[in-house]
Amino acid sequence: MSSVSKADRKTALDVASWSFNIVTSVGIIMVNKALMATYGFSFATTLTGLHFATTTLLTVLLRWLGYIQDSHIPLPDLLKFVLFANFSIVGMNVSLMWNSVGFYQIAKLSMIPVSCFLEVVFDKVRYSRNTKLSILLVLLGVAVCTVTDVSVNVKGFLAAVIAVWSTALQQYYVHFLQRKHSLGSFDLLGHTAPVQAASLLLAGPFVDYWLTEKKVYAYNYTAVSMFFIILSCTIAVGTNLSQFICIGRFTAVSFQVLGHMKTILVLILGFLFFGKEGLNLHVILGMVVAVAGMIWYGNASSRPGGKERWTYSAPNDKSQKPDNLLGSTEIDEKV
């Protein structure tokens, strides 16, 4: 009975974690879209710095209230994480600027195979046939409903490569650092958010000027635009926290695969609030295929053998049977 209730509790927490991430992620995309498209605040890097500054204030408050315990991350690990995370943010912005929207979407989709590669190389994870096919179905569905014009150039391609690998490494490191140092999501945010806030607020205005040729301090701040900036920062706290919770509970690959539900919802909300231009049978079919792939992935990866971490069992003495020389598998509970 207790095992059933424990399983039910885990399922409820998993659903709550994903729901929290989807709501906050979709919410911040819609708010930022209004802020940038309607009110002309195009300083994405600086805005991200403000997001992490707000998150830092929350972690300081939670530490003062006793919800975050004292913990330690070695400086090299912390600096590597911040380096990957900041390159991811800047790389994505540069990739969007230098590439067509179609190639930018393809680059985002390629994060899934890159994340799979990192898990295979560093965590010795092996995927079943059905898990691999479900991932391909998700990629196909999202590509059908998002990829339109595709053109590429050398500098755009290099920016996309940097963005994809740095994002995949950042998300892998979220899971890795929580596991390695036995940290909770709040604990990890408490270490990383202040460093990211400081570095992005220092470099952000220069990066944004390079990308947009506009100065953040020359922007015409109004009451409405300030409201959207504050709203964006408030939602970002939930987005940052929910990302760490989801990757900590699952893995970077699952976060990427199931996270494309956010892409579908953003498309739907975009059609509802910003006009139905571009909505056609082609796009709807892609959405259906992608959602089917996500459902299949959730089912396939949670089955025994769907996603396993392989370990090597070395013999303890010469009298052991030859069978013990074979590699053993350990089912990864975090799908």
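The chain as shown is numbered from 1 upward.
Each residue, glycine too, has its Cβ placed from N, Cα and C.
Heads up, TrEMBL stuff is auto-annotated, nobody curated it.
According to TrEMBL:
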- 24-297: domain 'Sugar phosphate transporter' (DOMAIN)
- 302-335: region 'Disordered' (REGION)
- 12-31: transmembrane segment (TRANSMEM)
- 43-66: transmembrane segment (TRANSMEM)
- 78-96: transmembrane segment (TRANSMEM)
- 133-151: transmembrane segment (TRANSMEM)
- 157-176: transmembrane segment (TRANSMEM)
- 188-211: transmembrane segment (TRANSMEM)
- 217-238: transmembrane segment (TRANSMEM)
- 250-273: transmembrane segment (TRANSMEM)
- 279-299: transmembrane segment (TRANSMEM)
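Between the transmembrane segment (188-211) and the transmembrane segment (279-299) there are fewer than 3 Cβ pairs closer than 8 Å, counting only residues 6 or more apart in sequence, so the two stretches are not in contact. When the stretches 12-31, 217-238, 250-273 are ranked by Cβ pairs under 8 Å to the transmembrane segment (133-151), first place goes to 250-273. Residues of the same chain lying 6 or more positions beyond the ends of the transmembrane segment (279-299) and with a Cβ under 8 Å from any Cβ of it are 130-131, 133-146, 254, 257-258, 260-261, 263-264, 267-268, 271, 335. Proximity of distant same-chain residues to the transmembrane segment (250-273), defined by a Cβ-Cβ separation under 8 Å and at least 6 residues beyond the stretch ends, is recorded for 14, 18, 21-22, 25-26, 29-30, 33, 111-112, 115-116, 118-119, 125, 134-135, 138, 142, 145-146, 168, 171-172, 174-175, 243, 279, 283, 287, 290-291, 293-294, 297-298, 301, 332, 334-335. Comparing 43-66, 78-96, 217-238 for CB pairs under 8 angstroms to the transmembrane segment (12-31), the maximum falls on 217-238.
Per-residue confidence over the domain 'Sugar phosphate transporter' (24-297) averages 86 (mean pLDDT, predicted model). Listed as Cβ neighbours of the transmembrane segment (78-96) (distance under 8 Å, sequence separation of 6 or more from its ends, same chain) are residues 44-45, 48, 104, 107, 156, 159-160, 162-164, 166-167, 169-170, 173-174, 177, 191-192, 195-196, 199-200, 203, 207, 211.
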